[in-house]
Amino acid sequence: MTKALYVGSFDPITNGHLDIIKRAAKIFDELTVVVAINTNKSALFTPQERVNLITQVTRDLENVACKSVTGLTAETFTQEKADVLVRGVRNGEDLNFEIQVAGMNQYLNQEVETVFIPANSKWEFTSSSLIKEVVKMGGSIKGLVPETVEVLLKSRLK
């Protein structure tokens, strides 16, 4: 059995993230979505809130689980007995950054193998940060995030 980890801040989960989750769940026997604490970002939702949202929107995917962690992804990889790390990439800028991250993860833990899944063109422009900004400015995010996330975002940011 092949176990994959999909690590991110997911603050909040978007339909782009969800698309990567669904596609990775078809490729790997087990997929654990890992909510990580990104010290470079100011989070709107607590790690537990993000886990709850992800669990709710992936409940129909039998081979998907979700948890939050602190610490390095390379350490989580070993703790979870993972075989591969999944990363979604929207564009060349993402890929350049993700290649650096993959290199560092492999430096820290030679067992870490990273697989890049290109974003569906439908989601190339979406990011959690951009979606939060649109909500703050009163714009519509309909269709960019799951409905439960949209409702929670609007109540949190207005």
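The backbone N, Cα and C atoms fix where each Cβ goes, glycine too.
The candidate list Lys26, Lys41, Lys122 contains one residue that Swiss-Prot assigns to the substrate site with Ser9, Thr73, Arg87, namely Lys41. The two recorded residues Thr73 (substrate binding site) and Glu98 (ATP binding site) have their Cα atoms spaced 13 Å from each other.
The Cβ of Ser128 (ATP binding site) lies under 8 Å from the Cβ of Ser9, Phe10, Asp11, Pro12, Ile13, Thr14, each on the same chain and at least six residues away in sequence. Binding-site extent for substrate: residues Ser9, Lys41, Thr73, Arg87, maximum pairwise Cα distance 18 Å (rounded to the nearest whole number). Taking the C-alpha positions, the distance from Glu124 (ATP binding site) to Lys41 (substrate binding site) comes to 20 Å.
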